[in-house]
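Student: Feature list, courtesy of TrEMBL:
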- 73-539: domain 'Amidase' (DOMAIN)
- Lys119: active site, charge relay system (ACT_SITE)
- Leu168, Ser194, Val215, Gly216, Gly217, Ser218: substrate binding site (BINDING)
- Ser194: active site, charge relay system (ACT_SITE)
- Ser218: active site, acyl-ester intermediate (ACT_SITE)
Amino acid sequence: LLLPWRRRRRLWRKVEAAQQRQERSLVQMEMAVHRFREQHPSVNMVSILSLPLPELSKKLRDGSLPPEHVFYAYVGKALQIATETNCITEYLQESETQLRKAKLTGKLGLLYGVPVSIKDSIDCQGHDSTLGFIKNLNKPAAEDSVVVQVLRRQGAIPFVKTNVPQSLISYDCKNLIFGQTFNPLLYTRSPGGSSGGEGALVGGGGSILGFGTDVGGSLRFPAAFCGICALKPTGNRLSKKGIISGVLGQKAVAAAVGPMAKDVESLALCMRALLCEDMFSLDSTVPPLPFNEEVYSSTQPLRIGYYETDFFTMPSPAMRRAVRETKRLLEDAGHTLVPFELTNVDYMLFNFCVRGMFADGGTSFVKKFKGELENSSMGMLFWLAKTPNWLKTALSWIAKPFVPRFSHIIRSMRANTVDEVWSLHCEIEEFCHQFIAQWKKLNLDVMLCPMLGPALGIGYPGKLSVAVSYTMLYNALDFPVGVVPVTMVTDKDEEELKGYQGYFRDWWDRTLAKAFHGSVGLPVAVQCVALPWQEELCLRFMKEVEML
């Protein structure tokens, strides 16, 4: 009886120590800003914070704006947003040393003097990458991830790490160590996840450029929920060395690392900086493709595919309107819009994504939670992963006539043989080739798609794992995709929501209708998609949507 109690006490002490460290980080930020303001009382912080990244970096590089003015302006703003939303887990105090060194070296990279925020799961030397797990506390990374190394070489200053949901397999943002992160636009809403801390910090204006990861929408949900832009590149366009994945070793659903910012031009500047010789030499598995300026700056009319629904997750009225209005504006600007027909999204989601990520029946997923204090945030997913195969089969069979989607999820989480996993990988490859063939048949350049929104209430993402269908499709296909906010929820959208029933009219559809409710004024985004390795074309399309 005493042993489990002692173990729990030991774990709680680790949690308390981590929370105290988080509080000390905020105090350090406050003291640093206070010192700077005492020494430089005339610096106009507000005007610095209002500058878009391209203009800010230009002023930093030509010397018209001192790097320390920019740094402490953002530390001050980040502190404010962290106090309001609980998005920062740690202040990287060595960033102040890097700031002083940057002035002495005189080497001006593309991001010289730009303060950047980093997701918890991206390694920064000397700091924990917890993924919300207590067992990962007090295990500082031995070296920076490749992305962080390249950022530093380009003159950027990583200054904070941000919160994530436990295990990263969620699009909310809560863990037992650091707690719940809130949406800066409305505190009762989720900031999205798993890069939720980044979404909240960038969305609130506390960081001008943030970095997250995406295995099912983890960059795109926070961007859409917090009203900012994000780019999920092709899986291997940017190095993932030194970045910890939510499900290690699975190859069915491609993960990616990417930037988040207030506007598309900032994302483009970031990609220009990262796609350099340093990236390719530090990680030779990354193809040496520098940023293609010609494609990004082209003004040729585009041929754009579009769809309003995937016939799996019924779009909210605001989501449908966002696609329709964007389509109309693009047509008025001289682009050609072509309807694209999506089929078998339910099969893709259950058979490729869920089955692909939990091909071992969830064994490795359950192992991650061994020795942790709780796993309540994972709820049903964790319970299913622990269930033996025979029981999954029986439950799937019983549930099929009443809740077909639940039945499919249970069946998808059965343990597979090696032969079955290989067959699955072949099937995903074939699906990708068929999708590209359909794309080429319509002679498309890019695609316009809905993005789940507006932001769901806190706690709802955990109940609505099926609503990842719009985002996860492009992880299964490994296409580059960006998110651009285009409109806000209106009273008319809210009125139309009363008739929302969903395609399956099951518990999930009813819950999603409740989650969308009461969202007037919150942002709604669209997804902009391109073919693999065409990030520049994707950004060019995003810029067009943003401008219109």
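Yeah, the Cβs are placed from backbone N, Cα and C, and that goes for glycine too.
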Student: Near Leu168 (substrate binding site), which residues of its chain come within a Cβ-Cβ distance under 8 Å, counting only those 6 or more away in sequence?
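Tutor: Counting only residues 6 or more apart in sequence, the Cβ neighbours of Leu168 (substrate binding site) under 8 Å are Ser121, Leu131, Gly132, Gly193, Ser194, Thr213, Val215, Ser218, Ser245, Gly246.
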Student: By the count of other Cβ atoms within 10 Å, pick out the sparsest of the binding-site residues Gly216, Gly217.
Tutor: Gly216
Student: Around the substrate site formed by Leu168, Ser194, Val215, Gly216, Gly217, Ser218, which additional residues qualify by having Cβ within 8 Å of the site's Cβ center?
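Tutor: So the additional residues around the site are Ile169, Ser170, Tyr171, Gly193, Ser195, Thr213, Asp214, Leu219, Phe221, Gly246, Ala255.
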Student: Given the substrate binding site residues Leu168, Ser194, Val215, Gly216, Gly217, Ser218 in the record, what is the largest Cα to Cα distance, rounded to whole Å?
Tutor: 11
Student: As a test of the contact definition, list every same-chain residue at least 6 positions from Lys119 (active site, charge relay system) whose Cβ is closer than 8 Å to its Cβ.
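Tutor: Within the chain, Lys119 (active site, charge relay system) has Cβ neighbours under 8 Å at Lys161, Thr162, Val164, Ser194, Ser195, Gly197, Glu198, Gly210, Phe211, Gly212, Thr213.
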Student: Report, as a single number, how many Cβ atoms besides its own are within 10 Å of the Cβ of Ser218 (substrate binding site).
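Tutor: There are 34 of them.
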Student: Hey, what's the Cβ neighbour count for Val215 (substrate binding site) at 10 Å?
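Tutor: Total other Cβ atoms inside 10 Å, all chains included: 25.
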Student: Considering every residue in the domain 'Amidase' (73-539), what is the mean pLDDT value?
Tutor: 96
